[in-house]
């Protein structure tokens, strides 16, 4: 399956069906990350039940140092 | 006590988390500063380097209130999106509205700042806009329902200190919500002057993170803000043109 993650085309295994399994795939499920799926921001608690499919546009952001 | 929306703080220093030499120095500087509010930015994550350290993992997030900013936004729409992304972390509901209108001076766009603040108040955020030191703009932001007003002392990261103390004092005088002097502070004395003017707090980053010894500067800023606040509360003596003797004239043995 092909996703657009943070503006780049990324190929991920088809067994990835939810946002939380996607985060797990990248090893970032334990981190503070915020996910936007096709321009709709996901609440933290909804990662498990939110499904993803081919060509979805996903933004994965986090907090970085800033003033 | 500094009260912002529903929250109360005993420290009047708000500290940024950008550009420290390393996480250890940053952690120590944050601790020494005794700040209770830390600012952050929201950025795309590098998903291919998940082991990349993040300062958020090094601190006890229960101990601090997080104040994410909307830095990077050039329009109200972008700022609102960043704020919503930050809140979806489930870690915060305060937002520093920062909509930059000029890349050279990093001065805020007043129109977009106003629009973003209005929208975010409607969305239920605790809204702290970074604004220029325009007195009427500060008034308009307060009227919208902003929970604090954050006028800049001078351009971000410039270390020029307080360029227009008169405007800042007008803003402080008229405001019924906290006024936090944000950006441009270079030295502890700048922070003291801001507090002596009657500011409710100071937000700074580069002055500490860019100092030769950030930990020592963090302590200096903490003390400077406390000193300035005490001076403000104590009420200074009026300035006089000529001297007034501190020692009594009566009982002098030589005449």
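Every residue number used here counts from 1 along the chain in the order it is shown.
Cβ atoms here come from the backbone N, Cα and C positions, even for glycine.
What TrEMBL records for the 1-deoxy-D-xylulose 5-phosphate site is B:183, B:184, B:205, B:206, and among B:157, B:228, B:231, B:235 the residue it adds there is B:157. Cα of residue B:206 (1-deoxy-D-xylulose 5-phosphate binding site) to Cα of residue B:96 (active site, schiff-base intermediate with DXP): a distance of 17 Å.
Annotated pair residue B:183 (1-deoxy-D-xylulose 5-phosphate binding site) and residue B:96 (active site, schiff-base intermediate with DXP), C-alpha to C-alpha distance, rounded: 12 Å. In sequence order, B:206 are the recorded positions among B:96, B:184, B:206 whose C-beta falls under 8 Å from a C-beta of chain A. Neighbour density for residue B:183 (1-deoxy-D-xylulose 5-phosphate binding site): within 10 A of its CB lie 28 other CB atoms from the protein chains shown.
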